[in-house]
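Here is the structure we will look at, set down as structure tokens.
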Amino acid sequence: EAGEECDCGTPANPCCDAATCKLRPGAQCAEGLCCDQCRFGDWNDDTCTGQSADCPRNGLYG
């Protein structure tokens, strides 16, 4: 929804502040195939580039 950076969820979420629906300090993401422990994963260029929590659209994955 407008103004939200992440899905509020529960207070136990280490990435997203449930009271504000904003990412916690130091977090880059709260969910997604390329989100690992609140950080963008950079496993390889075809799946996770380190720039987003989502896989890139490159013809192979989307």
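Backbone N, Cα and C define each Cβ position, glycine as well.
Database features (Swiss-Prot):
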type: DOMAIN; residues: 1-62; note: domain 'Disintegrin'
type: DISULFID; residues: Cys6-Cys21; note: disulfide bond
type: DISULFID; residues: Cys8-Cys16; note: disulfide bond
type: DISULFID; residues: Cys15-Cys38; note: disulfide bond
type: DISULFID; residues: Cys29-Cys35; note: disulfide bond
type: DISULFID; residues: Cys34-Cys48; note: disulfide bond
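Sequence-distant neighbours of Cys8 (disulfide bond) (same chain, 6+ residues apart, CB-CB distance under 8 A): Cys16, Ala18, Ala19, Cys21.
For the disulfide-bonded residues Cys6, Cys29, Cys48, a Cα to Cα distance of within 10 angstroms from Cys38 (disulfide bond) holds for Cys29. Cα of Cys34 (disulfide bond) to Cα of Cys15 (disulfide bond): a distance of 14 Å. Around the Cβ of Cys29 (disulfide bond), a 10 Å sphere holds 21 further Cβ atoms from the protein chains shown. Counting in whole angstrom, Cys48 (disulfide bond) lies 9 from Cys35 (disulfide bond) by their C-alpha atoms. Residues within less than 8 Å, Cβ to Cβ, of Cys35 (disulfide bond) and separated from it by at least 6 positions along the same chain comprise Cys15, Gln28, Cys29, Gly41, Ala53. When the disulfide-bonded residues Cys15, Cys21, Cys34, Cys38, Cys48 are compared by the number of other C-beta atoms lying within 10 angstroms of their own C-beta, Cys21 comes out lowest. Annotation for Cys6 (disulfide bond): same-chain Cβ neighbours under 8 Å, separated by at least 6 residues, are Asn13, Cys15, Cys16, Cys21, Lys22, Leu23, Cys29, Ala30, Glu31. Helix, strand and coil residue tallies for the domain 'Disintegrin' (1-62), in that order: 0 helix, 10 strand, 52 coil [DSSP].
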